[in-house]
Amino acid sequence: MNKTENQILVIFGASGDLTARKLVPALFNLYQANQLPDNFVVLGASRSDMTDSAFRNKVVLESTYLADKLKKLEKEDIKNFADKFFYEDLGGSYDTDYGRLRKRVEDLKNKYQTSGNIIYYLSTPPTLYETIAQNLADAGMSTQNNGWKRLIVEKPFGYSLETAKQLNSGLQQFFKEHQIYRIDHYLGKETVQNLLVTRFANSIFEPLWNRNYIHHVEITNAESVGVEKRGGYYDKSGALRDMFQNHLLQIVSLIVMEPPISDAPEDIRNEKVKALKSLRVMESDQELFDNTIRAQYTSSVIDGKQVKGYREEEGVDKDSTTETFAAIKFFVDNWRWKDTPFYVRTAKRMPTKATEVVIHFKTPHHQIFQDSGLDSKDNKLVIRIQPDEGILLKFGVKVPGQGFKVERANLDFYYSSLAETHVMDAYERLLLDAMQGDATLYARADEVEAAWEFVDPILKYWSSGKDVRMYGYAAGVWGPENSHELIEGIGEWRNPGPNLTDDPGFCVIC
Ligand code: BG6
């Protein structure tokens, strides 16, 4: 395990929800696993007027997100953890002179011997990113002559290709690219990282991982919740910006990429960028019409409870044309993937919460078992990102008895079977990586822009009004009926159940 250098973590927007809900629990797990540096403090900074002790109460001692974990700890251990937290009120605005903040950081550094290493975590609206970066630079807090300085930013990284470019170049005026860590929490998920290992640590999959053996690739990201209290944000974003441009295209890049020459961050990120750049950008209205579907959930009754439609949600325009369902078919223009369709869909208010990648292999070119029904029983590799994390390989076996009737059997692996292993939460993993200067699982500027290059024309087409339809689907179903039309000639989407093996087909074991 790498040693983590002494440092200070400064969280901007520390009084917001993300700090208490995600960041502090992640730090707590690292504390319990003895992975925090020997000398380490957290300085929360935001516009609320709070003392150090009020901040500790809010994010640690009285936090509902930590309550269960704290119950299991000695008082002294809890105090040791809580004592690492401090707070600095920035006054009425983030756009202010950071001289006082700098002095506070210096004092903490001297008192707790944290050295000059600092991570700035921007847990604020993106509109403030450049302002904060500039004020840090103006106060001399971005220079690396006395310890490294890193800047972590949360998505969204821009609202379009143009704004993403502006944001990148805005930040790069004040921090060098290698100091900027763009967090995408999907990359912190073990199962997403396992895509790399499945492909590149085995010799059985990679020879088949191409257009010669793979018929199509399907990715589903389903959430059962609606927009909850985030209607205001979501209505300006939509499924394509909220999930597809970032999380799902990250997954796509890991499936599409060529083998990197090593596991060094830049080697992996270079291949991911190349993969994203090879997605065929849809240009004509006809292509965009044929290959994209958007929809909104409408009100319905789920488990006897009336559920609001998207347009009735708080913060959502009653005539909104923001999609809560997006399904995209696309191709990858390179040697490996030519003519292999990819189908990716994401939505809120579906029957269950599940994310999975399904690699559909081609049926054998020459079928000797004429009545086997093999066509509908293609080999599949299901990579389950969440929940019930694992991998499932579906292959044909003979049904006992006369003739050659073929059924599908399952070969599966579950993460939960690794009982002794602590699976790190995404934020825990990503924070630790940033603390150790490992940017492998963070998105680079060119990666983000390459993803926007692909998404931008779809968004422009959808907002153009030209022949674009907004379908409806009752909350709690698998999206609009016609979403199957996208998979023409192939069949239907595979609708995942809450468990990895959700189709109780033939079982070899019993
Ligand atoms: C976030 C989106 O990035 O990811 C949310 O803004 C979404 O709308 C969430 O609910 C899903 O994350 P997970 O880890 O629960 O799949």
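In case you wondered, yes, glycine gets a Cβ from its N, Cα and C as well.
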Report summary line: substrate binding in TrEMBL involves H185, K189, E223, K348, K353; of D235, D242, D333, the partner in that site is D242
Query raised in the report: What span in Å does the substrate site cover, taken as the longest CA to CA distance among H185, K189, E223, D242, K348, K353?
Result: 20
Report summary line: For ligand 1, the binding-site residues of R47, D242, K353 whose CB is under 6 Å from one of its atoms are D242
Requested in this report: Could you measure between K189 (substrate binding site) and R47 (NADP(+) binding site) for me? Cα positions, answer in whole angstrom.
Outcome: 32
Report summary line: Cβ-Cβ distance under 8 Å, sequence separation of 6 or more, same chain as K348 (substrate binding site); the residues meeting this, in order, are E223, V225, G226, V227, A239, Y297, Y310, T324, F325
Query raised in the report: What is the separation, in Å, between the Cα atoms of H185 (substrate binding site) and H247 (active site, proton acceptor)?
Result: 8
Requested in this report: State the three-class DSSP label for D242 (substrate binding site), counting H, G and I as helix, E and B as strand, and everything else as coil.
Outcome: helix
